[in-house]
Structure formats: structure tokens, C-alpha cells
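Data first, discussion second: the structure below is written as C-alpha cells.
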């Protein structure tokens, strides 16, 4: 078996999907898992990008259906987590209008990130690099979501999907920290087809994806940082032909980021050997 096929199988990617069936399955999964855990509902940070828009809408559909089925306390809370002023705030508001969450809260992570960065420099004698400060931002968002989840009895939703998983393009214990992952197995383009089926505004899934974590490179696109396109990543995952350069880049990132897809290593594990 080729490494390409092995990776696709491990990440549960299907070469083609039926968007409406996928929506139904993923909403059903959220409902079933919520019932199993005994939690009241879900919480998710909404950025205005494709992934949080899709995961947020699926969560709201799940909460709404659960209430109709008799779980009266089922709720979805969307949380805006800007770092100061977000340049694409309009997209975030458009996403909220589409998702129609039961509740929408806002928590500005900038004061907490600034306080941490200043204390770090004071106690270590050196500043955080822009890259590591970006990871602090992602982890601060995780902290905020888990604070809401803990206080309200909610599960934290993660937005990880196959195109991010294969490249390790997420912050460990940041946006990678979650209780439940409704987008697992989807490529980036497959996620777009689900949003199309849900009649989301085109602007939310046609915009260039950006993690927007770096102060020095605001709104830098994911593809610029990765050095490969999502079309190349999706083609690879869906078993289609891709250039040797893209294959090498994707597989190198997959191997290097294996630790992100595993629980912390112990001497009893063999995945790291």
C-alpha cells in the first residue's frame, strides 16, 4: 500500500461524498456523543473562516434537533475570540448571522496574551518570538472555550479536518484542543460542498483561509505558510495525481507532525519509534 493511500485511510478520507448525507451523519454524531457524555451542549470559537462556520452550523443544527427531541437544555454557544481588532470582523459577523447560534459571546484575548508575553519577558529576560506568541494566542482561545464549557456544561468543538490533520497545520493544545471533532475526514473542498448545501454565503468559503496568528504577517494565508495549496492537499488525500514536489512536501509534514495526532508519548507507546 502506498503511503498516500495509507494516510488517506488513517484520516478517514473518502474520494467523493454526498454533502447532504455527510451533514446528516455529522449532526447525528454530535447528538449521539452529547447524549453519551451527559453534557448540555456545545461551544465553539467563530472566526469567520470556512471551518468554524461549518462546524458551528452543524453544532447549532444538532442543538436545535436535540431540543425538538426533548432535550430542552441543549444549547450551542458561539464565542468570538478576537485579538484586539480583527481585520475581517465583517466575515465573523456574517458567519454568526448564518449559523444563528443560541447564544453569542465575545472574549477579547489580547489583554491576556499581552500580560503573558510581558511576564514571560520579565521572568526570562527575552521576548517571545512572533511564532510562539501566535501559539499563545491559539492556546488562549482554547482556554477561553474550555472556561465557557466548564461553567456551562458544554463540549468544546474542534474544527480539525483531514487537510489540516495531514499537514499538522494546527496548534498543539490550541485549536487542536477539543472534545469533539465533527469535520474529521473531510478535505477542504469537501467542507466547501457542505457549506454550499447548507446555503452559506459564498464569501465564507471562497475566501483564502488564514490562521492569522502572526503579528508580523497579518492575514497571511495558510497556503503561503504551508508552501502548498489546499487543492494539492485535497487531491493527495482523495487519491488523485499530484506533483512529486507536493507529495514530498505533504508527506514530510505528515511525518513531522505525527506527535500532534497522538496523545503525549510514553515508554509504552510505539508510534514514535
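Counting begins at 1 with the first residue displayed.
Backbone N, Cα and C atoms are what each Cβ position is placed from, and that goes for glycine too.
DSSP classifies residue 47 (ATP binding site) as coil under the three-state reduction. Annotated ATP binding site per Swiss-Prot: 45, 46, 47, 48, 49, 50, 51, 52, 159, 188, 210, in sequence order.
Secondary structure at residue 164 (Mg(2+) binding site), taken from DSSP and collapsed to helix, strand or coil, is helix. Sequence-distant neighbours of residue 164 (Mg(2+) binding site) (same chain, six or more apart, CB under 8 Å from its CB) are 51, 170, listed in sequence order. The Mg(2+) binding site feature in Swiss-Prot is assigned to 51, 164; the stated evidence is sequence analysis.
Here Swiss-Prot flags 139, 172, 179, 259, 260 as deamido-NAD(+) binding site, drawing on sequence analysis. In sequence order, 171, 173, 174, 177 constitute the residues six or more apart from residue 139 (deamido-NAD(+) binding site) in its chain with CB-CB distances below 8 Å.
Taking 172, 179, 259, 260 as the binding-site residues under consideration, the smallest Cα distance to residue 159 (ATP binding site) is found for 179. Within 10 Å of the Cβ of residue 49 (ATP binding site) there are 22 other Cβ atoms, across all protein chains. Looking only at other Cβ atoms within 10 Å, the busiest spot among the binding-site residues 51, 179 turns out to be 51.
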